[in-house]
Amino acid sequence: MGKDEQREEVAINSSPSNSSQKLDHHHVVALEVEVPETLHQVGTDSWFQVGVVLSTGINSAYALGYAGTIMVPLGWTGGVIGLVLSTLISLYASVLMAKIHEYGGKRHIRYRDLAGFMYGRAAYVIVWASQYANLFLINIGFIILGGQALKAFYLLFKDDDRMKLAYFIAIAGFACVLFAIAVPTLSSLRIWLAVSSVFSLVYLTIAFVLALRDGINAPPRDYSIPGSKINRLFTTVGAAANLVFVFNTGMIPEIQATVRAPVVDNMLKALYFQFSLGSVPVHAVTYVGYWAYGSRSSSYLLNNVSGPVWVKALANITAFLQAIIALHIFASPTYEFLDTKYGIKGSAVAVRNLAFRTLVRGGYLALTTFLSALLPFLGDFMSLTGAISSIPLTFILPNHMYIIAMKKKLSSLQKSWHLINVVFFSFMAAAALVSAFRLIAVDSKIYHAFADL
């Protein structure tokens with residue numbers, strides 16, 4: 001056995017805790033799969049915990065922005081149809097990825113490992129760069145969101161210009177550093193996932209109820225799509241990229257790596273949970289927010305709502321805290337790579353390990369925080385993230401990989417279907433990239449560096 005790989009004997013039983021007991025062979029399925037070397041946990045989490053992780057991502061504070069970044073540029077028809085289609089297509093693509101997790105008798109716990117196994121070294125490097133760019137941009141967004149939530153909280157009690165958005169972004173970044181030091185791995189979140197779910201329910205419920213009340217009491221709203229024809233074209237393409245961003249992590253293999261055997265079946269359960277019950281809150285708050293405020297809907301819905309100060313304060317502070325936990329999920333592949341590369345193992349509270357997390361994770365988040373404060377254009381970064389990596393990682397590669405993995409089982413018609421998806425989403429990614437750069441260029445002219453939005 002090589003240095004970089006170990007063999008894992010997986011016993012599938014309805015009760016994993018009974019592994020020490022002698023099991024009847026009719027109730028055990030023995031699988032021998034290769035597991036790449038990693039110092040983070042593999043195969044320890046239930047499908048429900050993984051489902052909560054996935055749902056935490058889609059119901060993060062980003063969900064407070066979709067009324068403004070998706071519904072406003074697309075309108076009722078385009079927005080609703082787009083979100084529903086995005087839900088279904090994202091589930092389909094995620095299922096494709098989940099089914100090839102153990103392709104070739106090897107457990108692919110990283111997206112880049114699967115790409116390298118199928119295509120070679122060049123693909124390994126390209127996917128690695130693309131995925132990490134994706135996660136880095138997502139984390140920039142989370143820190144911007146955390147800063148926006150803190151600023152909104154502050155302005156509820158003291159409406160002045162002394163504290164700029166950049167200051168709140170810095171505070172959010174520092175809080176993320178502390179959390180990254182305290183929680184070593186993705187599987188270590190555990191109780192924090194429950195806390196995150198509570199936070200999400202709090203701010204999404206408050207936003208939903210207050211927006212509903214405002215909508216009932218407000219005069220007729222303007223739902224027309226703003227901007228000139230050329231601007232509407234680019235914002236529509238950008239909103240399409242945002243639709244991809246809503247439900248996708250670009251890290252299905254990394255999340256699936258934590259789930260217990262049977263790996264594929266349990267991951268499918270987690271995905272069905274995410275795209276059914278887990279997706280209800282984001283749909284509800286997006287539609288109600290747009291219904292209540294129309295084309296005035298903000299990229300941070302809590303800036304639109306009216307209501308008791310203490311209720312809005314609670315919503316904003318829980319959105320801030322949830323953004324910290326959600327960022328940790330999307331930063332975990334980066335942390336896993338660094339921990340494994342530098343041999344960070346043993347007790348999480350060992351001095352060497354604490355020092356490493358403080359310096360390395362702190363440095364990564366310091367850079368992320370600086371860029372967040374420098375260009376705090378949240379909607380633009382969502383579009384850029386969707387174009388650069390979310391679309392390729394979520395739709396293009398899964399369809400092509402599935403063709404390779406299942407080529408002997410697919411009919412010519414099925415192969416053609418997957419190839420059509422590859423071509424279509426490639427064109428979509430190119431168009432979204434142009435649109436995203438244009439939006440950033442336009443906003444960079446309107447807003448200066450470290451803008452106080």
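Cβ coordinates come from backbone N, Cα and C, glycine included.
Annotation comment: TrEMBL describes 1-10 as compositional bias 'Basic and acidic residues'.
According to TrEMBL, the feature region 'Disordered' maps to 1-24.
If you look up TrEMBL, you'll see 12-21 marked as compositional bias 'Polar residues'.
Positions annotated as domain 'Amino acid transporter transmembrane' by TrEMBL: 44-436.
What TrEMBL lists as transmembrane segment is 74-93 (among others).
Outside the transmembrane segment (164-183), and at least 6 residues removed from its termini, the chain residues within Cβ reach (under 8 Å) are 142-144, 146-151, 154, 189, 192, 320, 323-325, 327-328, 331, 335, 354, 357-358, 361-362, 365-366, 368-369, 372-373, 376, 450-453. Sequence annotations record features per position, and here TrEMBL assigns transmembrane segment to 164-183 (among others).
Taken from TrEMBL, the feature transmembrane segment applies to 189-212 (among others). Residues of the same chain lying 6 or more positions beyond the ends of the transmembrane segment (189-212) and with a Cβ under 8 Å from any Cβ of it are 49, 52-53, 55-56, 59-61, 63-64, 183, 281-282, 284-285, 288-289, 291-293, 301-302, 304-307, 311-312, 314-316, 318-319, 321-322, 325-326, 328-329.
TrEMBL lists 233-252 (among others) with the feature transmembrane segment.
Summarising the annotation, TrEMBL assigns transmembrane segment to 272-293 (among others). Listed by sequence, the residues of this chain that lie at least six past the ends of the transmembrane segment (272-293) yet keep a Cβ under 8 A from its Cβ atoms are 47-48, 51-52, 54-55, 58-59, 63-64, 66-68, 70-72, 76, 79-80, 83, 87, 90-91, 94, 200-201, 204, 207-208, 211-212, 214-215, 218, 221, 223, 246-247, 301, 304.
The annotation transmembrane segment is assigned in TrEMBL to 313-331 (among others).
Positions annotated as transmembrane segment by TrEMBL: 364-397 (among others).
Summarising the annotation, TrEMBL assigns transmembrane segment to 418-440 (among others).
Same-chain residues lying 6 or more positions outside the transmembrane segment (313-331) and placing a CB less than 8 Å from one of its CB atoms are 53, 56-57, 60-61, 64, 135, 138-139, 142-143, 145-146, 149-150, 152-153, 156-157, 172, 175-176, 179-180, 183, 186, 189, 192-193, 195-196, 198-200, 202-203, 206-207, 249, 251, 302, 361, 364-365.
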